[in-house]
Each structure stands twice: as C-alpha cells, then as structure tokens.
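As recorded in Swiss-Prot, the features of this protein are as follows:
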MOD_RES   T2  N-acetylthreonine
BINDING   H60  O2 binding site
BINDING   H60  nitrite binding site
BINDING   H89  heme b binding site
Amino acid sequence: MTEWEHVNKVWAVVEPDIPAVGLAILLRLFKEHKETKDLFPKFKEIPVQQLGNNEDLRKHGVTVLRALGNILKQKGKHSTNVKELADTHINKHKIPPKNFVLITNIAVKVLTEMYPSDMTGPMQESFSKVFTVICSDLETLYKEANFQG
C-alpha cells in the first residue's frame, strides 16, 4: 500500500465524524498557536474557551476537512484541488503558507488522540509524509504567486 492508500484507509473512518474532528483541530490550532486565531476575523475576538460550541467554527472545520479529504482522495494527483485551495488562501484570505504546516501537524495529533487504534506510529508517519507533500505543493504555488504575507 502507498502512503496515500494508508491515509485514505483511516480517512474513511474519520469522515463520518468530520464536524467533531474539524472543530477539535481548529480549537487545538488556536490553543497551541494563538496567533492563528487572528487570521480568522469572525473568531478573532472570541476567547478560545467560548469557541467549543460555536456553530460557525464547527462549519468552518467541516469546510477545512472536506477540502482536505478531497485532496487526500486524489492520492497525489491533487494539483487542481491544491491550486483552488492556494488561490483562495492567497487572494481572498491572505493566509501565509506556514499555517498549512501548523494545521496539518495539529491534525496528526488530534487524529491520533481521537482514533488511537487506527493512527498507529506507521500511520502517523504516512499522514505526516502526505501532509508534507501537500504543504510543499502549496508553498510552490505561493512562491509562483509572489505571495507577500
């Protein structure tokens, strides 16, 4: 099995829980990297402790994980999906590319905590490798766009 196939095997288990997983990932991101919350105008002024029941944050978590799932399902042939993600984050949201590394690192932690029997050591490595490829592809697109952020 390739890294992509390993990741997709676990992703099939995660998908039914996307609302809870997405919320957990964003909350952890905001707790461990407080500066990232400032990138979200809608949540910027709300204390992290009050975001656990925030419907807008839950919906955004769903959006994030659906986009990620669509990329993962392409098994490395994701250039169109990654380009769309880069375009919105470069031109609309103005999100620096380092934040993709932060959120994917958090995702591995959260998935490991929520799905310990699926997220074995080798599976964590597979996710890390796949996320590194995705983040690298995003960074390339940012450089091509001369992103200044």
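Note that Cβ sites are derived from N, Cα and C of the backbone, with glycine treated the same way.
Counting every protein chain shown, the number of other Cβ atoms lying within 10 Å of the Cβ of the residue listed as 'heme b binding site' is 21. Across the structure, the residue listed as 'N-acetylthreonine' and H89 (heme b binding site) are spaced 29 Å apart at their Cα atoms. Distance noted between the C-alpha atoms of H60 (O2 binding site) and H89 (heme b binding site) is 14 Å. According to DSSP, the residue listed as 'heme b binding site' sits within a helical segment. Neighbour count (other Cβ atoms within 10 Å of the Cβ, all protein chains): 11 for T2 (N-acetylthreonine).
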